[in-house]
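Note sheet for the following structure.
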């Protein structure tokens, strides 16, 4: 197992100084790829093991199985030359000869090479060696149904026609042997039930993967062969080549594989095409999967490198651009998967001298080119398996690559493991039903997985903001200093100490993504999802949800000898695709316990119980003429869809789902008995992946838009049966648990949604409600087909039911103590909510559900509204922050209009695309649109702008009314009345009206109108000294509050001896600091005026 090297307490390498010294010594004649000795020594501590001797031969032989962990896969088309194919020299000649033997039949007389697809598996050996496995002799194929009257002559003619069709494309003309094989195989289409079962199909194997789509299109147009027709529907022509390989050979994503001893050829060091430790060649049949058990369910010590860059705008205006503006620092944090996160090793590459940083390797340079070249050397020699960071795909990586182009640094483009393939950046977009559509970048860094934490968080969590600061506070309860790019230039040009400050900030931005990966178990969960679904790890990051079900479906079809149509021709159906049932809610605030009955894995269970599948769907009555009515399930609806029952034929989808559910049960048992924490995390990731996978199959069949194999007949049938089961449960509960059957109360189903029903049994005792819930679940489950099962899981008490899919309650699984407050559809967090609304929603729910005090909730709401209208609310609670997107300038939104205003005021500090824009809504003229009244919070403070409290009152009213309207008769009274009649309105010097009005002078003691400040006659005569002392006291209190906030910010930035320059507007302390600073200035002015009056 690879050992983690510990970082020295502090280490500074003055690369720039040493390099300049060397240039002087050698009269500027320094070799192009020269690496300073001190830097070389540092890298050697972290390089992978060496397996070659001095002349480049491997120090081990192929007489043992080679077992490696698969990280990534791709394929390339490579030219294999004639002298290689017939080469008989060398100690491993027989092995290489066996590997290349199949290529001989592809060689033409007039060419000395053949182009073939080679699958590249990037993997990791247990000792830390990275291994490139070049897999030979596997070729792509697809299927078409063979007409009954097709004979050998027709097959020969068909091959000729396919060659002619491919030759129409000039890129294929150079290949003499394009159709490698046509075989007749017995198999069956997945679509629809057929009584005759297996038929003859043609399995057509071709030379290159890109030929498959061309031939698919050709066959879909019907091919005429000797007056006979073939085609129309093509089978398995859409499956990516890599998936085709791993499915055929039962290899799953992120698994251990075995290259059998005596069958692989170890390449000489000089023949390597990659930066991996070593490379092998092997024929596909000698690579086999290893079962996920014992030591082979563990994840090896993957090398994960998290990095972050800092750059400056040379002219000081706007956001840096790679074409002109330099990278001044790159933090690089090396972490070995499975180790404690605090053991990571920190490197910081800086432009110009930087002071030492405890626990970090500081390498500083005199020029940017040398810095970037050294970082490239670092990447190649450290050889990370994963590249991570925060938004590295959309910012850091493109900036580095584009900066390399601007500086003509050709070497910087080679960040991947394949030596001669440059990394390039392409604009791309990602679309799926679950995640929507968003623009991104596509960067080819072969062999290294780009594991961007920003994308992972956005994909898996719904948050108010996705800045690193907000996300870190949400999950790690940590804040970080946010140094705005507009002040980076000053810090960079000041001193080694100021550059240290940038470096400390940059290092933290590299460490936090690793801590998030560790905290949220991203590696474990994604590895297990790849294993469960059989999908390559990288596909989970770059493709939608459907690829996971596609992989499972193809695997099961391969096992049971079915073929899958590439284009599904759906039947005509007028059946409207309805979703799940939602029983009309009986809205209210229920003090008595509400029992919840849940169907366990409802949709997967329906599939299994009723045998719903592509392969069991009846298309033609002719196919079931020999069957009895009891052999068929009819789904009542407009079309009366029909499926054969499992006694006739077991469906593929039910088999897949059944295996996933059973596997999850076994894994959960293993978790109970497992003592090792790492193994527990692996197993927990697996059970989660199994659960998600089982629940994804239904959605796969219902994906009519952009789906890979939609079948609305199956999806409609599932939801129809689900609706009938919810309705049947309601009817059975209410008819059995009633007074006429001897129960104390009549039960009522107050709500039902998708796979659960909420029942009010009438009792006030939580334990009794649980007993009745368990009894109801067992009793009603008997009326459904196995494995459909109704389970009692929880009781809510109290329970607040607002509407369909909107409820909250205290959740009990134990009658003695509630587990948590459970909210569904009640938005306490929305991106357009200010913190005040979020706080009020949470507090009101807490008072209603935990304190069970309606009056307290009402009084709290009124008091907060009064505080708002009298300007006693912390301004930071009113701030809304949004990100400025590329296309936002086309729309009139508050943050967009403000960005335009800020640009007019000062283009140097104005926000750019990608920046966060914070705003408050201020008062305006009558009829002025809201987006025109968005203003910068600091500008509001500086100019005493009047905040539009009515806007915030309306914003509060909408979500709170939804809660209170089901509890009290007149919920509007919360937002009108005595508590709303007193308003404090600030007077601004910035309005048009202020030019014509003279601001009245007020007494700082009693606020009465006076002619001469600071005090009125009454206060001057009776209270002057006490007012003065009170102002002094207020001044000191505000100072203390400011110092406390200042110290908290200094702790966050990791240094108690430097000024706070953080510009993190997602942090509430930022605005509190600004507001208190303003208050201190006002109090200072008042105290001074009182002194002068003496």
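The backbone N, Cα and C atoms fix where each Cβ goes, glycine too.
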Annotated range (Swiss-Prot: zinc finger) out of 969-985, 986-1002, 1003-1019, 1020-1036: 1003-1019
Which of 1006, 1052, the listed binding-site residues, has fewest other Cβ atoms within 10 Å: 1006
Nearest-integer angstrom distance between the alpha carbons (Cα) of residue 1006 (Zn(2+) binding site) and residue 1067 ([4Fe-4S] cluster binding site): 35
Residues of the parent chain within Cβ reach of the zinc finger (1003-1019), under 8 Å, 6 or more residues beyond its termini: 1027, 1031, 1086, 1089-1090, 1093
Any further residue of that chain within 8 Å (Cβ to the Cβ centroid of 1003, 1006, 1016, 1019) of the recorded Zn(2+) site: 1004, 1005, 1007, 1008, 1010, 1015, 1017, 1018, 1020, 1023
Chain-internal residues near residue 1067 ([4Fe-4S] cluster binding site), provided their CB is under 8 angstroms and they sit 6+ positions away: 469, 473, 479, 482
Whole-number Å value for how far residue 1019 (Zn(2+) binding site) lies from residue 1052 ([4Fe-4S] cluster binding site) (Cα to Cα): 45
Pairwise Cα distance for residue 1003 (Zn(2+) binding site)/residue 1049 ([4Fe-4S] cluster binding site) [Å, integer]: 36
DSSP-derived helix, strand and coil totals, residue by residue, for the zinc finger (1003-1019): 3 helix, 2 strand, 12 coil
Cβ atoms near residue 1049 ([4Fe-4S] cluster binding site) (within 10 Å, other residues, all chains): 20
